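One structure is given below, represented as structure tokens, and several questions about it will come after.
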Amino acid sequence: MGALPGWGPRSWNPVPKANTLRLSGRVTGQTCCSLRHLPAAQALCFLLLGFAQRSPAQPMCREEEFPVALECCPKCSPGFYVRYICSEETGTECAPCPEGSYTAHPNGLEQCLRCRDCEPDMGLVTRRRCSSTQDTTCDCSPGRFCKAREGDHCVLCQPHTACHPGQRVKERGNSSQDTLCVGCPLGTFSPNGTLDQCLPWTRCSGWLQWETEPGTSSKDATCSSGLSMLVLCIVTALVLLFVTPFLAVWLWKKRKRLRGFRAPVTNLNQETRGRAEHTAMTEALQSLPDVTTVAVEETAPPLRGKDSHC
């Protein structure tokens, strides 16, 4: 079981022995020389002679057969391998491929081929699992693309190119091609390189607006507005106009109230001070010693000069 259709038990296909294809040089030479009157026939004779001498002793098998020594045996079907080769009495004995192996075509292999492993460390993932008739198909994991293939199988993956600021994504990468990046044209920008289309620069054309920093391929233009400054000035003027009078009145009332408290305290201090001075003076006078008053006339000495003159 497993041999190609049309091959029964008697599938042995003998071929002529190699020595039957060999021709003697003497006989063949004589034969070719006897054809001198036919130049074309003579040339063909020598051509066949050279081919016969150079032909290896290999059987000429059909496409669905494989050579075994000097015989031809039928190939096994895909998913099978040759357990026993054919003989004159029996055909090729085929066996199914064990798990983890396969044969994808009619074959004369003595063992099946080992299934391929998709290595995650290489960025590969399994796209199609191995079966007895086909190998594992590996592909690239998301974010990578296949750089080299062997048929349907990818053998080398690389990460997608990341577009830089100032570039846009023209074509998104997939498992078979890399990301294609192009630069932003003048007047546009891309801040991170992930946009499909670049953004236009902001135009500073509003009322009381002017450009403070020009745009680049990776940064938008920066505008400054005089409207905000105007609003700030108006708000400040209104605050000063309404708040300042109220503040002045409040300060005046507070000062007046403080003066009202200071006047009684001042009068009280003056009265207290006067009383203290009067008390001190009275006590000083009372503490003086007693003095006897003597008439001036009694104590004064006589006027001598006046008496003598008289």
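Start at 1 and count along the chain as shown; that gives each residue its number.
From the backbone N, Cα and C atoms, a Cβ is placed for every residue, glycine too.
Among the features that TrEMBL reports, disulfide bond is placed at C97-C112, C163-C181. Annotation comment: TrEMBL describes 96-138, 139-181 as domain 'TNFR-Cys'. Among the features that TrEMBL reports, repeat 'TNFR-Cys' is placed at 96-138, 139-181. Under the heading transmembrane segment, TrEMBL lists 227-252.
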Below 8 Å Cβ to Cβ and six or more residues apart, same chain only. Which residues does that give for C112 (disulfide bond)?
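Sequence-distant Cβ neighbours: Y81, C97, P98, S101, Y102, T103, S132.
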In the structure shown, with every protein chain counted, which of the disulfide-bonded residues C97, C163, C181 has the densest set of Cβ atoms within 10 angstroms of its Cβ?
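Checking each of C97, C163, C181, the winner is C97.
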According to DSSP, does C112 (disulfide bond) sit in a helix, a strand, or coil?
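The three-state answer is coil.
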Which residue counts does DSSP yield for the domain 'TNFR-Cys' (139-181) in the helix, strand and coil classes, in that order?
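DSSP composition of the domain 'TNFR-Cys' (139-181): 0 helix, 23 strand, 20 coil.
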Pull the DSSP breakdown for the domain 'TNFR-Cys' (96-138) and write it out as helix, strand, coil residue counts.
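When I sort the residues of the domain 'TNFR-Cys' (96-138) into the three classes, I find 3 helix, 13 strand, 27 coil.
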